[in-house]
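For reference, the structure is listed below as structure tokens.
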Amino acid sequence: MTTLALNLAQYNDPITKGIIAQESLRRVRPDLKAVVNVNPYAIPTSAALVLEKLGIGTHPMSLAVHPHAPCKAIENQILNTVGHLLPKEQPVTFMAMKKSKLNMLRRHPSRADTFINPIYHPRDNVRYGLDPDPDQDASITASFLEVKTSTAFMQDTLHYLTPEDLLDIFETSPKLENLIASFVLPVEATRNMKSLYPDLYSIHYTHGGFQWAPSGHLGDAYFHEPWQLYWLRCGSLTRLIEEETTTTVQPPPGFEGEAYTRVRKEVRELKIYAERVTSIGAHHLFIFSRNAKATPRVRSYSQNGKWVTLPRIFRPVSHNVQTPLKQEVANSLMLYTYAVRPSLKDVAAKVRQKFDEKDLAEHSPLEITHLINYIYYIDQRAYLTNDDDILSDNLLKRWIFTPIQAAYKKAKGFLLGPDDFQKLLKALEWQPVTFDYAVDHYKSNPWRIHASRTGAKMRQLKNFLSRTTGLCEAVEDDALEGSELLKELEGNMWFRNPSEVEKEVFDAIVADLPPDSQRSELILEDPNSNARDYLPIQQDQPSVTQGPDEAAQTQTPTATSMVTNSVAARMPPPVPRTLREHHEQFPTTVRASFEQPSSTRAPETSENNTPAESVTPSPRAIYVGDFAIMDANASTSRASSPSPRRTVVSPRQPEAQNETLGRQIVSRVSPAHGCQMSPYAAQLAHQLSEQTAYTDVIGQRMVAFYSQHSRSYKYGRHEHRSQSWLPVIDSLQVALGLDESYDHCLIQRYRKHARVGLHADDEECYEPDSTIVTLNLYGNADFLIERNTDKASETITLQHNDMLFMPSGMQVTHRHAVCSLYEGRVSITFRNKTKDYLRKSAPDMNPVEQPGASAGQLTGPLDHRPEELPWEHWIPRLNRLGFTGLQKQTDPEGKLIYPITEIRQDMVYVPFPNCCPGPLRKDLEAMGRRPVRYTVDTGRALTLASDIKNNRVGALLQNADLTWKTLLVEYCRMEPTSVPMTVIHGAGGSGKSKLLQDHLNRAELNVVIIVPTRVLQQDWRNKMTEFPSFLVQTYEAAMMESAPQMVVFDDYGKLPHGYIDLFCQFHPSVEYVILTGDARQSTYYEYNSDAGIRNLPTNIEVFKQYCGYYINCTHRNKQDLANMLGVYSEKMGSTHFTFGNTCETGSLLLVPSGTQKTVMGEAGHKTETYAGCQGITADKVQIMIDHDTHKSADSHMYTALSRATEHIHFYNSIAGLNTARFHAKLNLTPYLKTFIQVITERAAAETEPAEYTVQAPTARTHIPVENCSTFLEKDLEEQRAKEDREVYTQAGATNVFQTNSPIVQCFQHQQPKDGALSIITHAKRLQYASAEANQAEYRAKLQIGAALWENFKTAMEIPDEPVPFIRDLWEQSEAEVLSTYLSKSEMAIKNGKNRQDPDWQDERMFVYLKAQWVTKASKFNLPTAKAGQTISAFKQAVVMKFGAMARYLRRITPKPDNIRINCEMQPQDISKWALGLDSHNRPTKQKWNFERPAFASDFEAFDQSQDGAMLHFEALWARHFNVPSSLIEEYLFLKMHAQAPKGYLTIMRLTGEGPTFDANTACSIAYNHTRYEIPKSCMQLYAGDDMLLDQVPVEKTGFKNIAAGLKLTAKTEIFEQKRGKWGEFCSWWMTPYGLVKDPITLYHRILLASEIGDLSKKIDAYAIEAEPAYALQGRLFDCFNEEQMTAHYGTIRRLIIEGKTNFSLDDQAPRHQDLQGILNCMDAKFMYH
């Protein structure tokens, strides 16, 4: 261990170790990246160790597998080395290499590199993805000829070539200076050895050659011939080349004579030197150079250890060890024989021990046998030398005896042979095996030429003449094979100069042409070009003295007019403009060819009266003229357009007509006239080509179709389904000046020679006057146009980036066809005026007809650009975002809205880091979003880290390990890091994230997206279906995980302050950061007042200085809504605004506070706060307006109002919307005030209340015998004395435990005359407050009341729309209340005359104690007296008025099937509902679930706890059903001004006020559904404050936020729903056989009534309550336990004793065997009912 490593090991602190580990990881990460680039595979350990020795690392965490991963890693390393050798700025020719491997060479595909990939083996078709070139010779070297770059690279193909092939390449490629070549040849094959690297590859010798199998996989093996091993020792290649030069010698001045031609032949030497660059295993990299001077004389290769060959000491020679042996093995075996005198078997065992299992397979049995014999042989020799030692020398011995002895030994050895020791020495003369070779210098036959080159040249020449002159037929690949011409030319070609052979081939082809078509001369423009560059020259050139008319009659163009002007081609392209501007800038004569009949056009000539020469631009725009007005017989100047390359003469047309055909059809304009496709448009077109997903294959072309209004495009038998419209298409249309009417975009990719026959593009989906625009993106193509009238035709050769415009009317007059001349040619075709577009698009989207525009002109939005736009120079960037930027829009105050704002000119940009992919880099740079250098603010980072460590912020981070948190803080104290950062600010829907999503969704990038909320996280995942979802992380999870090199922070303003600084400081792996956000929207807010980040500036404030500009545009909101917000929008239409007092379900609800979000969310609404909805887009949005709305910041309101795309519904949860105070509050919120002014109230849908049919129940009885004499014995023993149980007050003691009967004293008797009890009751039941305090409480609890109403509405399935008021139902409710009052006795009515006094104020009331015996089971035999119940006596008219309102709401409110309210119902009705019986007691499906515990809830002081929240809930309930507002206001006034004799009462429920029972029940439902998660499958029973559910609900997590605002205190109880433990509801038990009365409570009442003498008055009621249990007979034992059965027996016995003979157990009583029979009996007439 080194000193430094030893010192670092002394740090044992985990935090310090973590810091050291992070620093080490930071330093080693670039190395790991380089390792993965070369070797991304999972390599076996043994192979990984070998690769590491060879200089190739292996990533320990790699999981990628490959059949021969080690050799693949070596191949990548070779390519990596080649990448360092290739010139960076110059083009390179790549031979036999796939384009996908350019990334290993670190070369961008956009460079002008050339690929030559010959098809030699069949699998090359799959490897290169190309079909064989028809012009390619069968010989592999024929495709390598004519390399036009100075440097070339040939991958793993050199071993297939001979030295002559390589010389051919250099001879035919004079520009080629250096050829870098890699090949795979194992050097050990030169000695027939096994693999030197068996973990990397194996070698199998077979059929006179050998197979090289990477990783031992013969399925991937390559077969090599022995002669290919020559390349391992190739040093130079030499060839003598004979060149013939011809010079014309003129006679000297003054001498007569003729000039003569001198032919001189010279011989030059072509010498190529070869040098090895590197060798890794069997992979070698060589460089061949023509300008070198020498190469090393000896070349050595690695031998992976020391090897030796054993001497051949046995006869015959074949009986010796033939293959080399590792020297360490040989030495080991030799020393073994020295140490032990082994037997032959011992030697064999030792040999077996020295070879591994896998090595044994490499040796034949003969080899092993020979080795064993050799080792045994040396073992039998003498080990001790018999030579004299020099230490014993003396003078005599040295000079006399030693020479004599030496001569004797030599003679003896010569005659008798050597002794054993000499034999041993001979046997041990091992020869070391090395791979050192003297390089070989190859010399070639000087006149050799391949026959295949001759055949290829002949085909190239004939095919060229076929294309350029049409005077000979094209030749197929094998058409010339075996022809007589070829045989004649190949005669004696091995001894002839190659140039003479090629010339003879060319002359022979010309001789075969028709006599009248031969040219007198053919020249080659470039001596280094191939046969395609031969151009025909017309012998009869027009004279310079010809006039315009004569020049116009020239039929054949000159060579000069057909050669590209190199100077013009180098001119920079002009600024792109609209197509109309291009058209207007044409030269007058050129425009005349489009706009005037041919008879009126004037010819154009140059100054010397010669036809003006035209130049073919690249790229260029080709306009097809208006054919409908052409005069085929007109004769006009040829100068109006350049002549085409070829004119096809129709046999039916006169020659004169054919002369002007090309001029009339096609006009080309030079770049000087500005009519070319702009570089920006070309870039967009290429980007569109890269994004295109081809869906259909037709013949030899692939097709993709895009449209916004058409589902498909059909022609003939083919149909293409439309794909989603890409944003880049919009940008390309804008760049080309095309309007939105160009709705069809057809993209096609052609194979070479693919054809589309003559057609007119007149499908039914197009209008007859539609226009066609075609971009020829890649490659060349022949475009044929044929006139319908006379079948005259013309062919245009479309070149790279050409544009073709076919005007309206061409579908009627002409047809066209296309033939691809290039493999992979791509065309993009736009068509306008589709019928689907005209039918579906808005009128303002149609193309604008401009005055004076001809039929063929293209017009659109760009033709109506407003003048003097302040943002004129920003329009290209707006176009990339999908905006035209040509409209002037104003905000509500009339101010001009700028689409680009907050422009900064002081930005200092830095280069993009390498981790940013090229396409994304280009788009960001084009949008002006280049990165800036940002240095982390460690102070901000440390503040957030401290808050995280001390659990002041975050939820997930609070559970992190303390060590990790401490490490987080320590990182913030280190030196700050700096990262390149791109900040993108824009309005919601501006597309600031769309660019990133488009790139990330189609590329595998090392990037993570960090978002502030889960809602935004899901939004990203939904939009990027191809992107791994786990890479979209919330900010807390991202902080705890490792980070990639590139990080995107979306909506970064909602991240905690300092988060970005902390993230970059804690993750040093981050190399590039992209921030997207909106400076106008809400930002992060920390609720913890102790958090340090509360005092930090927001992220927006910190990073907005690094944003170049703000995109104040939106695609989300329609123009009216966007303009109200001060945002630019081109989305037409009107946003729908509505207003109401109810919250609708199904759409996003935005609320002002987090409490409201929790409450409304638990009520079933999809809810977000104003500030928390950032990043969400929805068609419809609801915005809640309450008393917290005006407290919201403008940024919060802006965020909320900008979410909707179609509809905003304002939900008012405040009473008195139209009050002046409310409007004053709205003035505090300017955004909302703008919207409220444009809203009208909606009408509610009408609903009819449901009607209920009430059936009268009856009962029968039955009971077995039980003993109940001691039933109350235990209770009576525990009973205290009366004096100890009464309560004493200033008015004396209470008197609730009366008489001396112990049974009676178990029950409290509460009476109004008990003054002491009245004092206790009033103190507990009544609370006093002022009217102002009640109003303040009501306002403070509006939110809670709204939450109660929303949950009640959800539970009762009340429609969202307000229900109209039903007058008839109201009057019926009033009549029922009046009838109930009048049904009282005259005495009762007379006693209430004071309450009927009209002068009695409505809010005044009397309060007195309710008289009752307390028989409730929970209050049986209490140790002390408890407070009683109060009765509030309001004015009778008030009670009847609000009683009618309560009855109306009860009738009109829907009642879902899972909820039953015990009002106007009998126990049998509830039993039928719970057990699923129909009206005829037939079982259907049981609803109540008895397989799980039941749940009951009661309340402590329920009436007194119904405060302002419950009152607001009642008001919302009444308002939703359109109860007259005056009545609602009166009810609110009464509740807040209720006045008892001692003063105003607080807001509470008062028994006797009218709606007591209905309001209590509704408040109970609302409270329980607000507090608990109660599913629809849960059956529920309610009656006042009593409630029973058939399952135990789960409390909502958000209830704790509003629990403190409620006075209600619930008492819950869980029932197991087993024997004796059934759910209790209003003293009834829910059993599997229906409701039965609690037998103990019923028996207590009977005992009390019997003791006080009231049993005879109440016996009928008790009998009815006992009947359901009595009817169960034997099933009663399934319901009651022992104690309960005793109580039931006592009840039945007492009823029988009191004369209820129907309860006797006679045999005539019905025996019910099933549930249906039980209830049928219960429904029968009962005599006591």
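In case you wondered, yes, glycine gets a Cβ from its N, Cα and C as well.
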Co-listed Fe cation-binding residue [Swiss-Prot; alongside His759, Asp761] among His686, His816, His873, His985: His816
Feature region 'Disordered' in Swiss-Prot, mapped to one of the ranges 841-862, 1127-1148, 1281-1302: 841-862
8 Å Cβ shell about His759, Asp761, His816 centroid, Fe cation site members excluded: Leu758, Ala760, Asp762, Gln811, Arg815, Ala817
Lowest local Cβ density among His759, His816, Arg825, which the record lists as binding-site residues, within 10 Å: His759
His816 (Fe cation binding site) and Arg825 (2-oxoglutarate binding site), Cα-Cα, nearest whole angstrom: 18
Nonlocal residues around Asp761 (Fe cation binding site), in sequence order (Cβ under 8 Å, 6 or more apart): Ile772, Met806, Gln811, His816, Arg831
Number of helical, extended and coil residues in the domain 'Fe2OG dioxygenase' (741-834), per DSSP: 4 helix, 53 strand, 37 coil
Segment confidence, the domain '(+)RNA virus helicase C-terminal' (1112-1247), expressed as mean pLDDT: 73
Per-state residue totals over the domain 'RdRp catalytic' (1492-1599) - DSSP helix, strand, coil: 44 helix, 24 strand, 40 coil
